[in-house]
Amino acid sequence: MEIKQKKVWLSLIVLYAITTSVLGDFGEPLLKGFYKESCPLAEEIVKHNIEVAVLKDPRMAASLLRLQFHDCFVLGCDASVLLDTHGDMLSEKQATPNLNSLRGFEVIDYIKYLLEEACPLTVSCSDILALAARDSVFLRGGPWWEVLLGRRDSLKASFAGANQFIPAPNSSLDSLIINFKQQGLNIQDLIALSGAHTIGKARCVSFKQRIVQPNMEQTFYVDEFRRHSTFRRVLGSQCKDSSRDNELSPLDIKTPAYFDNHYFINLLEGRGLLISDNVLVSEDHEGEIFQKVWEYAVNQDLFFIDFVESMLKMGNINVLTGIEGEIRENCRFVNI
């Protein structure tokens, strides 16, 4: 696995070379090695504590990756997702896509505590999220990439935005495409970032609609997933009734502990767990998405390269830089 990761890393050198800096909304750049002088051990502190957290709870890797996704899709990559409800401001944590679903806040809290001890008011919570996502992917066998740093933290959260912009597990393909386009992301980004579902788990409430047999008289196409009756029965036994809505099943049934390309192999076999996974193939009437899914299924290196490119794009959505926002002392609250 280490050899494979090194091979992909070498394939990404050209990509890194052209992304050593990215401008924020007001012209201040995100940079490689942003904390080299102000907090030289920042990236090492994050890396070490992500390693500890994932060793203790392997599922935490997917949870931390998901945290950055849910942050960037609401207001931008500004750590607004980490803010608790305070006064008149409702936390994004309470929004429907996040409630009883997002995890890993305590890991970010502890890393922030250590960074404040080492370098007070220097490393932003939004940069911690970006580094944590990268390190989590790498720890599960995925690619490594240079995270450009220098983000600052927002002064507000958007409960309404979290309900509006975070894709639902039962999203149609059209709604996913529109949702990603609103963030400046294209169809290739949608496919590549969906590959993050190669790790992690989902609750029964998120996918039990996929288990119920359709009324074939009202169905214009056969959901490939439903042809796998054994797969369906196994999942159905976990989600018999509403009392089991919080039971968990791996998003990738084949290699749930590894960040690899099996998610795309599963899609081609009709074994995507969520509706929003399956529609990448079942609702792609033109075949463009199916072709890319097939390419990723047979070429893991290509998936890794495109995934990194899309993560870099996502990590730069509406970032705050320069004098915008602040560096929070505590990721859960704006500074007083």
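Cβ coordinates come from backbone N, Cα and C, glycine included.
Counting only residues at least six positions away in the same chain, the Cβ atoms of VAL81, GLU92, PRO97, ASN98, LEU102, ALA162, ILE166 sit under 8 Å from the Cβ of HIS70 (active site, proton acceptor). Positions annotated as active site, proton acceptor by Swiss-Prot: HIS70.
According to Swiss-Prot, the Ca(2+) 1 binding site annotation covers ASP71, VAL74, GLY76, ASP78, SER80, on the basis of sequence analysis. Cβ neighbour count for ASP78 (Ca(2+) 1 binding site) (all protein chains, 10 Å cutoff from its Cβ): 28.
Secondary structure at HIS197 (heme b binding site), as computed by DSSP, is helix. Annotation comment: Swiss-Prot describes HIS197 as heme b binding site.
Shown in sequence order, HIS197, THR198, ILE199, HIS262, TYR263, ASN266 are the residues of the chain, 6+ apart in sequence, with a C-beta less than 8 angstroms from the C-beta of ASP252 (Ca(2+) 2 binding site). Under the heading Ca(2+) 2 binding site, Swiss-Prot lists THR198, ASP252, THR255, ASP260, citing sequence analysis as support.
The feature disulfide bond is assigned by Swiss-Prot to CYS39-CYS119 (among others), with sequence analysis given as support. Reduced to three states, the DSSP call for CYS119 (disulfide bond) is coil. Cβ neighbour count for CYS119 (disulfide bond): 17 (other Cβ atoms within 10 Å of its Cβ, all protein chains included).
Feature annotation from Swiss-Prot assigns disulfide bond to CYS72-CYS77 (among others); the stated evidence is sequence analysis. The DSSP secondary structure for CYS77 (disulfide bond) is coil.
What Swiss-Prot lists as disulfide bond is CYS125-CYS331 (among others). DSSP classifies CYS331 (disulfide bond) as coil under the three-state reduction.
Of all the Cβ atoms in the protein chains shown, 21 others lie within 10 Å of the Cβ of CYS204 (disulfide bond). For CYS204-CYS239 (among others), the entry in Swiss-Prot reads disulfide bond.
Residues or ranges marked as N-linked glycosylation site in Swiss-Prot (evidence: sequence analysis): ASN170. ASN170 (N-linked glycosylation site) has a Cβ environment of 14 other Cβ atoms inside 10 Å. According to DSSP, ASN170 (N-linked glycosylation site) sits in a coil region rather than a helix or strand.
Marked as site 'Transition state stabilizer' by Swiss-Prot on the basis of sequence analysis: ARG66. Remark: ARG66 (site 'Transition state stabilizer') has LEU102, ARG103, ALA196, GLY200 as non-local neighbours, by Cβ distance under 8 Å and separation of at least 6 in sequence. For the recorded site, ARG66 (site 'Transition state stabilizer'), the DSSP three-state label reads helix.
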Checklist entry - From the Cα of ASP78 (Ca(2+) 1 binding site) across to the Cα of CYS72 (disulfide bond), what is the distance in angstrom? => result 7
Checklist entry - Per DSSP, CYS125 (disulfide bond) is which: helix, strand or coil? => result helix
Checklist entry - Are there any residues in the same chain, six or more apart in sequence, whose C-beta is under 8 angstroms from the C-beta of CYS331 (disulfide bond), and if so which? => result ALA79, LEU82, LEU83, ILE108, ASP109, LYS112, CYS125, ILE128, ASP153
Item to check | Beyond the site residues ASP71, VAL74, GLY76, ASP78, SER80: chain residues whose C-beta lies within 8 Å of the centroid, for Ca(2+) 1 | outcome: CYS72, PHE73, LEU75, CYS77, ALA79, VAL81, GLU92, SER126, SER154, SER158, ASN318
Checklist entry - Taking just the CA atoms, what is the gap between CYS239 (disulfide bond) and ASN170 (N-linked glycosylation site) in Å? => result 16
